[in-house]
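Structure first, then comments.
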């Protein structure tokens with residue numbers, strides 16, 4: 001185990017060195033980065049105070065998580081040195097998904113050709129690695145005492161972007177082409193993702209059911225990639241009415257519980273009900289415009305860049321919702337002005353469908369949205385990093401740098417008993433000493449567990 005730990009530490013040091021060089025290279029683009037930092041994403045003093053008081057409450061009831069996934073992740077995270085920042089782990093997973101997406105999209109010639117078997121297998125391995133790293137970053141944050149709203153946004157922000165990569169790669173693996181079916185597949189998955197963020201914004205809790213996308217869903221998609229890579233003819237079955245029916249059932253089991261949970265929380269609370277109603281309107285605008293366009297003008301669905309544009313708008317809105325949740329912005333702030341040009345572009349499609357159906361024009365608009373998201377993400381990350389006084393890619397223990405404001409509570413039920421896991425981050429200045437003591441207890445328990453495991457080994 002010690003040998004593997006040394007190898008992993010060496011590998012992570014190389015990755016950290018690569019990221020450092022990447023950041024150094026990006027420093028040549030200081031004009032754009034400075035513009036992002038000083039732009040409209042700066043936080044008010046009141047929002048900074050809100051982010052310091054932010055409480056994260058997450059519940060994962062995943063069946064596979066209870067059976068073996070969480071045990072696997074808990075075992076694997078012990079190989080990571082505590083000098084590795086959680087966001088570094090998140091970013092490595094994001095890079096893996098981005099690279100495999102670029103390879104897949106290039107080999108498929110924009111979803112028009114079948115990709116080779118090795119690319120399907122690569123997609124499966126890359127997706128499983130991404131899922132693993134995505135579940136290790138939070139555990140690493142708790143091990144190092146660096147849990148913060150910055151890490152939550154960084155994780156959710158990367159998930160929003162990789163969601164597009166994941167859906168397009170599945171379409172390429174199954175050789176679905178660029179058509180109405182592909183649009184429905186990609187867009188409905190995007191709806192499920194943004195509704196998950198909306199649910200968290202309304203209920204102030206992140207809930208994953210017994211069968212959920214981040215656990216069972218991604219694992220099954222990873223297996224699907226590898227299976228199709230080994231048995232290419234199997235891809236045809238996933239394009240049958242039976243497969244479509246199974247997908248629609250899974251989609252219903254994803255969306256309906258979200259709507260029910262929001263309704264259950266808000267039905268007796270006027271303020272929450274009002275927040276739920278107002279905050280969902282911008283999302284509904286995107287959904288209605290996109291679906292109406294492809295229904296009235298089916299040729300638009302054959303434009304893969306419009307498909308990616310429509311779902312990326314939803315993912316961007318998911319990021320807007322998460323930020324509003326972290327700093328307690330009112331729901332009308334979700335009518336972000338940066339969304340208006342893209343809604344106008346879609347509206348132009350009703351006047352002249354050829355504008356939206358054009359791959360060139362849709363590609364240009366898609367590229368502009370990518371820059372808007374980069375502008376937004378860099379500004380938010382810088383604002384959170386500055387406001388909280390924590391570093392993005394290096395360890396800055398929040399307990400040490402914010403003793404006056406932070407209290408970390410880790411309520412982890414015994415997974416051996418098959419129960420779910422709850423994690424809560426509570427930033428309250430009045431509970432400073434309690435939070436520090438609890439964190440020290442956590443560290444001490446980890447040391448004891450390490451000694452026991454080593455002696456057992």
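Cβ atoms are placed via backbone N, Cα and C, with glycine included.
Here the structure is a predicted model, which means the values were calculated and not measured.
Per TrEMBL, the listed range annotated as transmembrane segment is 115-133 (candidates: 58-76, 115-133, 134-152).
The feature transmembrane segment, as given by TrEMBL for the ranges 206-228, 275-297, sits at 275-297.
Contact between the transmembrane segment (343-376) and the transmembrane segment (242-263) does not hold: fewer than three of their C-beta pairs are under 8 Å, each pair 6 or more apart in sequence. Cβ atoms under 8 Å from those of the transmembrane segment (304-328) belong to residues 43, 47-48, 50-51, 54, 110-111, 149, 152-153, 156-157, 160-161, 163-164, 167-168, 178, 182-183, 186-187, 189-191, 193-194, 196-198, 200-201, 204, 279, 282-283, 286-287, 290, 334, 336, 339, 342, 346, 356-357, 359, 362-363, 365-366, 369-370, 372-373, 376-377, 380, 384 of the same chain, restricted to positions at least 6 beyond its ends.
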